[in-house]
Amino acid sequence: MLRTILDAPQRLLKEGRASRQLVLVVVFVALLLDNMLFTVVVPIVPTFLYDMEFKEVNSSLHLGHAGSSPHALASPAFSTIFSFFNNNTVAVEESVPSGIAWMNDTASTIPPPATEAISAHKNNCLQGTGFLEEEITRVGVLFASKAVMQLLVNPFVGPLTNRIGYHIPMFAGFVIMFLSTVMFAFSGTYTLLFVARTLQGIGSSFSSVAGLGMLASVYTDDHERGRAMGTALGGLALGLLVGAPFGSVMYEFVGKSAPFLILAFLALLDGALQLCILQPSKVSPESAKGTPLFMLLKDPYILVAAGSICFANMGVAILEPTLPIWMMQTMCSPKWQLGLAFLPASVSYLIGTNLFGVLANKMGRWLCSLIGMLVVGTSLLCVPLAHNIFGLIGPNAGLGLAIGMVDSSMMPIMGHLVDLRHTSVYGSVYAIADVAFCMGFAIGPSTGGAIVKAIGFPWLMVITGVINIVYAPLCYYLRSPPAKEEKLAILSQDCPMETRMYATQKPTKEFPLGEDSDEEPDHEE
């Protein structure tokens, strides 16, 4: 009896390691924490940099003038200082107690219009709109740094998982993510925030590629894989859902470090779960040699699916650095609203990934993705029409639902394309999927700020929306991608219903290939 009791934990642990559902839980939690950290900084960084740098520059300037000459305070003249954070000259009106600053690219002292200052005070807007316009580029680069680093690391993580399995890279991702979260909590400068964001990109690459590849390997049936991917992407959606509102509220009422310390604690729990379930010290390479990464990149069907993921997610990625600052300038929104603006998109994304994870397989994943990209484009065109936070609810909700349609359709398609046309080893193909996702989050924020400065926020939305609408018809090519003959033969035996929509022009009843049809593949190729 005593031995049975002592052996019970070990028996439960052994059963847990053999359970596909617990593997799904591990991946769900990893994606949840990754994307909570990904979005929790969205409302914090713009206002944090404003509080730290803009006000610091102006307060130090006024202290200097107060100590040097009493006559300077009474004078309504304007003086200039050199800003240490973006190499620009700042013109400051000395007679205004709050120190309103305007950014100029020259050393000349051009007086700002008095009406702007009066309007800012009446509407409780943040002062220094010029600073916000300059800051939008730096905020965009900071947000994009995570995706850029993930973009660089992914091509190495995919083949690595093929060699050593998914468990060790998954745990390595947790360790790096934990260090990044702690660094965010105690970073007080732009440089440290940039390093923490870059470190997060490395950890996210390990977690995302290994997690999705692991799911594809344990859920071999296409219907089950679609449901599992939808559930896992639900963790991603929940992270996006909770992250921005959680960050804005905690930053407003508790402080900058609080949300990151809470995430660090949750990451520790995830690490303990991985230690129990995944055995991260065990090297378990794939039994079959995977298709080389560059060979997968030559597959036009994989490229079409990757492009769909990239452009759809670019829609929300380009909003992250630009929408909060646009709201600060045009709506005079308080800090807590900057994160809540993304709440409709996150809720609808959570609904979309879970709903269309099942429906997409019935209606056709290519059609689901095509409709999703059209809705993404239309929603982005409607964003600039909003005059307050309530006007953003409809466009953002449509955007989130549509991206959920695209992601829940394209992620299973990537795995199924490998099953049909290549070797069923999934590390490299999900590295490509993650690269596509990261390209959207790298190109969007890094170029969004520059485009806003050049032609304005509304035109940025028009450009991104039109790109999605124009790309959408390409999803039609995923309707019936041809399979390699030998792959189709295997799939026809195992699950004939799965391959019906993917059959080539040749009737499937002639497969599997017999001796009489040896010449046919050469003819088909």
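Cβ atoms here come from the backbone N, Cα and C positions, even for glycine.
According to Swiss-Prot, the features are:
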TOPO_DOM  1-21  topological domain 'Cytoplasmic'
TRANSMEM  22-42  transmembrane segment
CARBOHYD  Asn58  N-linked glycosylation site
CARBOHYD  Asn87  N-linked glycosylation site
CARBOHYD  Asn104  N-linked glycosylation site
TRANSMEM  139-158  transmembrane segment
TOPO_DOM  159-167  topological domain 'Cytoplasmic'
TRANSMEM  168-188  transmembrane segment
TOPO_DOM  189-197  topological domain 'Lumenal, vesicle'
TRANSMEM  198-218  transmembrane segment
TOPO_DOM  219-227  topological domain 'Cytoplasmic'
TRANSMEM  228-250  transmembrane segment
TOPO_DOM  251-256  topological domain 'Lumenal, vesicle'
TRANSMEM  257-279  transmembrane segment
TOPO_DOM  280-299  topological domain 'Cytoplasmic'
TRANSMEM  300-319  transmembrane segment
TOPO_DOM  320-335  topological domain 'Lumenal, vesicle'
TRANSMEM  336-360  transmembrane segment
TOPO_DOM  361-365  topological domain 'Cytoplasmic'
TRANSMEM  366-386  transmembrane segment
TOPO_DOM  387-397  topological domain 'Lumenal, vesicle'
TRANSMEM  398-418  transmembrane segment
TOPO_DOM  419-422  topological domain 'Cytoplasmic'
TRANSMEM  423-443  transmembrane segment
TOPO_DOM  444-448  topological domain 'Lumenal, vesicle'
TRANSMEM  449-470  transmembrane segment
TOPO_DOM  471-525  topological domain 'Cytoplasmic'
REGION    503-525  region 'Disordered'
COMPBIAS  513-525  compositional bias 'Acidic residues'
For the transmembrane segment (366-386), the candidate among 228-250, 257-279, 336-360, 423-443 having the most Cβ pairs under 8 Å is 336-360
According to DSSP, how is the topological domain 'Lumenal, vesicle' (444-448) divided among helix, strand and coil residues? 5 helix, 0 strand, 0 coil
The transmembrane segment (300-319): which same-chain residues, six or more beyond its ends, come within Cβ distance under 8 Å? 143, 147, 342, 345, 369, 372-373, 376-377, 379-380, 383, 399-400, 402-403, 406-407, 410-411, 413-414, 417, 421, 429, 432-433, 435-437, 439-441, 443-445, 447-448, 460, 464-465, 467-468, 471, 474-475, 477-478, 481
Honestly, do the transmembrane segment (398-418) and the transmembrane segment (257-279) touch, with at least three Cβ pairs under 8 Å and pairs 6 or more apart in sequence? no
Quickly jot the same-chain residues contacting the topological domain 'Lumenal, vesicle' (387-397) by Cβ under 8 Å, restricted to those at least six beyond its ends, or write none. 323, 327, 330-331, 333, 337, 340-345, 347-348, 379-380
Can you tell me which parts of the same chain pack against the transmembrane segment (423-443), counting only residues 6+ beyond its ends and a CB-CB cutoff under 8 A? 143-144, 146-148, 150-151, 154-155, 157-162, 166, 201, 205, 208-210, 212-213, 216-217, 220, 286, 288-293, 296-297, 302, 305-307, 309-314, 317, 410-411, 414-415, 417
For the topological domain 'Cytoplasmic' (419-422), how many residues does DSSP put in helix, in strand and in coil? 3 helix, 0 strand, 1 coil
Among 139-158, 228-250, 257-279, 336-360, 449-470, point out the range having the most Cβ pairs under 8 angstroms from the transmembrane segment (168-188). 257-279
Does the transmembrane segment (22-42) reach the transmembrane segment (228-250) with at least 3 CB pairs under 8 A, where each pair is 6 or more residues apart? yes
Over the span of the topological domain 'Lumenal, vesicle' (251-256), how high is the average pLDDT in this prediction? 82
Beyond the flanks of the topological domain 'Cytoplasmic' (219-227) by at least 6 residues, Cβ under 8 Å: 20, 357-358, 360-361, 408, 412, 415-416, 419, 424, 495, 498
For the topological domain 'Lumenal, vesicle' (251-256), could you work out the same-chain residues 6 or more beyond its ends whose Cβ comes under 8 Å from its Cβ atoms? 43-44, 47-48, 185, 334-336
Outside the topological domain 'Lumenal, vesicle' (189-197), six or more residues from its ends: residues with CB under 8 Å to it: 41, 45, 49, 52-53, 85, 138, 141-143, 145-146, 180, 183
